[in-house]
Amino acid sequence: MDRYDRQVRLWNTNGQNALSNSSVCFINISSAATETIKNIILPGINSITIIDSQSTIPSNDSLELLKLNNLKSNYFYGINNSHSFEYIAQNIAYNLSNLNPDVKSINVLTDPLQSFISQGDNFWKQFDCVVYSFDAQTDPYIDLLSEILWHLNIPLVKLSSIGFYSYYTVQFNQLNIIETHQNDLVDLRLDSPWDELISYINNIDISHVSNPNEYFKYPYNVILIKLYQDNKQKFGKKLTTKQIRQEIDKLFLTCDESNLLEAYNKAYLLMKNSSELSENIKELFNNIPNELTCDTSLFWILVSSLKKFYDKYNQLPLSGVLPDMESDSEKYKELKEIYRRKFISDKEFIYFESMQLLNSLNRSPSELKDNDHLITLFVKNCKYLKIINGSKHKNLSETVLKQVPNNNNMVLYLAFQILEKFIKLEQRYPNQNDKSNLRTLAVSYLCGEKTLPSFPDGLDKFLDEISRYSGIEIHNISAVIGGITGQEIIKLLTNQYIPVNNSLVFDGISGKTHSFKL
Amino acid sequence: MAVDSYIKKMFGEKSSQFADAKVLLVGAGGIGCELLKDLIMMNIGEIHVLDLDTIDLSNLNRQFLFRHKDIKQSKSKTAIAAVEFFNYKSKLYAYHGSVLDTNLFPLSFFKQFNIIYNALDNLEARFYMNRMCLYLNIPLYESGTTGLKGQVQPIYPYLTECFSCVPKETPKTFPVCTIRSTPSKPVHCITWAKDFLFSQLFSNEDTNTQEIDASEFTNEEEAEASKKEVNELADLKKIIANEGDNEIVIKIFEKIFIADIERLLKIEELWKSREKPSFEQIKDYDHFFKDINKEYLTTCKDQSTLEEILKTFASSLLRLTDRFKNNENIEFDKDDEDTLFFVMSASNIRSLIFNIPTKNEFDVKQIAGNIIPAVATTNAIMAGFSALSSVNYFLENDNINRVVKSKMVFDSSSTDKVVNSSKLIKPNPSCSACSIVKGIITIDLSSTTLGQLRDKLIEKYNYGDDVEIMTLDSRLLYDFDLEDNLEEKLTNFINDQTVLLINDSDEKFDLIELYVLNSQNSEIILPELNIPLKKIKPSENENDENDDDDKLLVDNEENNDIKVTVSLDDDDDLVEEQPPMKKRKF
């Protein structure tokens, strides 16, 4: 684990475990795919499978020749090593395999893609993510694959890089992210303390302190809640941050009571309305399935319980996380214990509600009992949970045409669509002489969609540039898109952080990335 | 099949610009490994790689050129050996050493490069490279990552913002008295254990360098107590060096955790508004020190029981003592288990005394090691942008066009972009580094006196009356009060490869910086400089002389915000009068 020390600090042990239990399949090898593989091998993926049937002996096919040349201008294609490989993917797999001994295997499958597609779910469900690099031979089968993976809810990533341009898209059905890392999990609940905290606070008298030492017993949240509650009773209304600060000012005896200073600085936290739901959570609640069934995932069972909790208490469960605070450590420990107990009891509510739901669905209680860690994470993160609904790959090209007029950033993506059409038609990449051919193709493609009023701005520039590239992959561009794709795949596999949904283009000339949802 | 096929196809005749270039890569770590690969793929003529570090296990999750067998080897040399299997055309050179070391890397070393790529992990070296590039007017591609975040900044000296133009967030520091007398958070105890206790006991550096400044304490008694602690620690250091039995553990423990604390307890002033430290939680210590040995407990990383804490303290102390006696130069290193465990256990004992929560190995490592989360993907992205951005250097013929084409790149917090990019900004007119006119002076230090240098300066740059001469660390060598120094040879004050600051006593001309190259039997060769008039400081009229001294002090501390301040109103005028591009000839 020491090998992963620096990254475990980003996604914790559970994220690392998820990664080291994940298998990713790459359909067709390319520079961008190779860079991506490197970037997920290093952090410790379980295994990689590459499906690619091109042999190392160059044929006369122009696409095959181009692919070979592109790979040779790529770091992981060994030219000088003594091994002789029958397939190009084997060469690359060999050079990638010594990057990390923890990776179980890098398999190369050289049968054509269709033979694996015909095996259906059984073959594909072994993977946690599938990454496809555009290739004219295999492209006709990708819609079928997208259908299979959509139903298995396995993400399908598509990436491509040519010249200074590249793109990334991902298809997933739905993501349920518990650890979004949007915020730290501290939840002080200053504006609405619960019974146990109130009675603890009620036993404190900070208005008659004569020895500064006395103050130091109380961390800032106690001081703030105390002042807030006392004054609410006294005046019948809430105090503003400024008023609270004035109250704190009155308490100082020596001017350097560090916990009072902290209270002064944090007084604005009282203005937080802890019963208000974020947009994320509203969306989450709106997406709860109408009917829970045997197949409903544990996540949605837990969310249903979460909603019940909220409906009942007008609050979400407490995270139980307290920050470091200036305080006497005895008092700090007492307080931490109070917050922890509240977290435990809130978690129990979720647990028992969920258990009842499982019972009513005749499901096994072990689903919950064996997943205590997950429930803990769920409750601790419950304010920042997020669901993301994806869209199907199959429909993307229609969507892009509908959306392009409203979104300039998509024009580059549209150019890629036209490029891929060209390659499938001509069985070669466009070159300098194809500028007009590409434009003609673009017009006929766009005419198929009646809603498009005119030729999108900038499309001709992209197409001209693409024809200049003659299909060349630039390593630098592949390195960047391979870094981005690796990062996105890690988000998907660890189910942490919020991934791009669902497309991104990278223009290496302007140095800009844009993402959009198709 | 040649590697550069795409470079030729993409860039035609410009591709020779890549092949003719000579670049320096400073740092062969996370970004450095990626960048080396990317630069090789650009078919750069010569790539020189410089790093002072050796390889650690925790590098392997991202520094893809290194393997387990390479641990403890030089990063730069291993990186270059690792790419050998690849059919590259670039000539590669590795240097193992600190970029700050002017013996290894004098100014002339940097001068040979067309571009310098920074792939560093610390501010000090970044500021230093920034300064070197300013002296030599070499484009610098600066990059850095933290976890999933990162940025790339191309720096074209005097045309765009330099690394010092925007003040950098420096690591948080704590008041000395909090660390030494009144800790209240775990980080205080960890800082104490690492920066005070550990370095006092095991560092080879002279303990006198840690001289205590009484003014940093709230009262004299406290400063006195602290001073005593240091002296007694020096004695303990002798014990460590000369004795050797397990007595050491008890002696050191009772000194730092009993006697020193008792001394603090006597200073009543400290505990008026604070909880007093107490021995309650560690009172059974001798029980755990009865059978101690050098093997760590299997659960020592948890630090959840007094036994785990005390036995880890004893074992790590004994192990470090052995190493110390073998004349090993021990420095704190988060990846050196003995040093980490010592700091961890010592800080936890202190925490128990001060009633502060204890921390386990994972947390202590992060705090003590200033650990910055790091992952392969972010490094790949930022290195990619750094290399890509520098393509403009090779395609454009002059710096003005390069600046227009280049972009600064940084991570984006919004999910509709992975990165943001922005145009390069003009330099900050009050930057502590690039707003000061710089030049290189060649001089024979052993035969020239300070007076001769002063006279030459006044003559060459038409100073009205007199100058003040200082070193970069604000040591005053000469002003009208220090006439005695004038007869002294310069070797008594400065060395080759150091920087002198020259200030106009009349306050007419602005401060200038001269980089000193020592050359035997050479005349004094001063650079041609356009020294601008002093920027007007609105508040200056009311200030007395003391304030000026303060100002100079601050000027020379690069980490600080710049104090050659210009009021906002005057700002525009100044830009008009003095274009940000301050040409420097030499």
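Backbone N, Cα and C define each Cβ position, glycine as well.
Source: prediction; values computed, not measured.
According to TrEMBL, the domain 'THIF-type NAD/FAD binding fold' annotation covers B:16-432.
Taking a C-beta cut-off of under 8 angstroms and a sequence separation of 6 or more, B:Asp121 (ATP binding site) has the following same-chain neighbours: B:Gly27, B:Gly29, B:Gly30, B:Gly144, B:Ile372. Annotated ATP binding site per TrEMBL: B:27-32, B:Asp51, B:59-62, B:Lys75, B:121-126, in sequence order.
Taking the Cβ of B:Cys162 (Zn(2+) binding site) as reference, residues of its chain lying under 8 Å away and at least six apart in sequence are, in sequence order, B:Asn130, B:Cys133, B:Leu134, B:Leu140, B:Ile155, B:Pro427, B:Cys431, B:Ala433, B:Cys434. Summarising the annotation, TrEMBL assigns Zn(2+) binding site to B:Cys162, B:Cys165, B:Cys431, B:Cys434.
Reduced to three states, the DSSP call for B:Cys177 (active site, glycyl thioester intermediate) is helix. Annotated active site, glycyl thioester intermediate per TrEMBL: B:Cys177, in sequence order.
Annotation comment: TrEMBL describes B:183-266 (among others) as domain 'Ubiquitin-activating enzyme SCCH'. Note on the domain 'Ubiquitin-activating enzyme SCCH' (B:183-266): its mean pLDDT in the predicted model is 77.
The domain 'Ubiquitin-activating enzyme SCCH' feature in TrEMBL is assigned to B:275-365 (among others).
Here TrEMBL flags B:538-586 as region 'Disordered'.
Residues annotated as compositional bias 'Acidic residues' in TrEMBL: B:541-559.
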Response to the item:
Counting only residues outside B:Cys162, B:Cys165, B:Cys431, B:Cys434 in the same chain, those with C-beta within 8 angstroms of the Zn(2+) site's C-beta centroid are B:Asn130, B:Leu134, B:Glu161, B:Phe163, B:Ser164, B:Pro427, B:Asn428, B:Ser432, B:Ala433, B:Ser435
Practice prompt. Write out the long-range same-chain contacts of B:Glu124 (ATP binding site), meaning residues 6 or more apart in sequence whose Cβ is under 8 Å from its Cβ.
Written response: B:Leu100
Response to the item:
Quick note, B:Asp51 (ATP binding site): same-chain residues at least 6 apart with CB under 8 Å of its CB -> B:Val26, B:Gly27, B:Ala28, B:Gly29, B:Gly32, B:Ser74, B:Lys75, B:Ser76, B:Ala79, B:Tyr95, B:His96
Worksheet item: Of these recorded positions, B:Cys177, B:Cys434, which scores lowest on Cβ atoms within 10 Å?
Response: B:Cys177
Item to complete: For B:Glu124 (ATP binding site), name the DSSP secondary structure in the helix/strand/coil scheme.
Response: helix
Item to complete: Taking the Cβ of B:Cys165 (Zn(2+) binding site) as the reference point, list residues of the same chain whose Cβ is under 8 angstroms away and which are at least six residues distant in sequence.
Response: B:Ile425, B:Pro427, B:Asn428, B:Cys431, B:Ala433, B:Cys434
Worksheet item: Looking at the binding-site residues B:Asp51, B:Asn61, B:Asp121, B:Cys434, which ones have a CB within reach of chain A, meaning under 8 Å Cβ to CB?
Response: B:Asn61
Practice prompt. Could you put numbers on the helix, strand and coil content of the domain 'Ubiquitin-activating enzyme SCCH' (B:275-365), residue by residue per DSSP?
Written response: 49 helix, 0 strand, 42 coil
Practice prompt. Mind giving me a neighbour count for B:Gly30 (ATP binding site)? Other Cβ atoms within 10 Å of its Cβ, every protein chain shown.
Written response: 29
Worksheet item: How big is the gap, in Å, between the Cα of B:Cys177 (active site, glycyl thioester intermediate) and that of B:Asn61 (ATP binding site), rounded to a whole number?
Response: 39
Discussion item. Need the DSSP three-state call for B:Cys434 (Zn(2+) binding site) to compare against my parser.
Written reply: coil
Discussion item. I'd like the number of other C-beta atoms within 10 A of the C-beta of B:Cys431 (Zn(2+) binding site), please.
Written reply: 20
